[in-house]
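See below for the structure under consideration.
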């Protein structure tokens, strides 16, 4: 009897340790996690046509212990996520993109939504927000080129202007006009902020009025000024531009510290993406020994982003046949790696970055079944 007790002791200790480990796990409320994810890379970086953010939400409250990362959420990947007890799936590509008119068992994307809701699993997609982010997919792709400096091909703009309003209206009021009446009138228009300062023009002291206006207020301001020909003739209207965001935007234009042959660049890219083959279109007059100094890249589908970029090489997942011909005719080499092969490797870096950003409050795991659907045979 004594030996039996001694034999059971390790099992008992192991069970107690398991219970302690389980109880000490950290959780995050879904809304708090979404806020942290947006702090990591703002959804405002995403393209206007994209469908990003929380796509499927279980009924609240919903807590997250395990965040599951995948490039594409297929039915096979969903089964893996459920087996691994995921509470939130971060799918780089949005599995719900076009509007759904019904949720039935008929199509695979509808089945994804059903399974997620039945198992209380949320689905979140960052897509082009992560493409544009300074620490995002395109910056990761550029790491495979070698030492280089890079900048976005299409820089992102801030969500709003540095100052209030969308337009600035400026006009001068001479000393012969009723300054108080003019200022009082424009201040009475909703959506207008007013500043004034003294100027001297043509040997005459004047007061310069500067108005920041919303789009709607602009029409009322113009209507008011048009009633006074003297004011209206001296009016300047400027559209306020949203400032560009540093290191943020679509694609990357990368300048290598030292030129390398195209053959060397091909091997670097294959090594970085862990691929045995890539597709290569030589630019007119180029060979594998031609030097590469500037690379324009775009993870995924690069036709639109890369169009017009001046570079020795275009690197992307896929491009249309005719866009490849256009690039080659200009002497630009093109390397295609298949769409998701230029994105998926980023998830390993993302796991580490999110782990640090979220202070290891939750478990973050990578899909093992997610893969590009195309294979070289």
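Even glycines carry a Cβ here, placed using N, Cα and C.
Taken from TrEMBL, the feature divalent metal cation binding site covers 93, 131, 339, 343.
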Among 93, 339, all listed as binding-site residues, which has the most CB atoms within 10 Å of its CB?
339
Sorted by position, what residues of the same chain at least six away from residue 131 (divalent metal cation binding site) have a C-beta under 8 A from it?
45, 137, 138, 250, 298, 299, 300
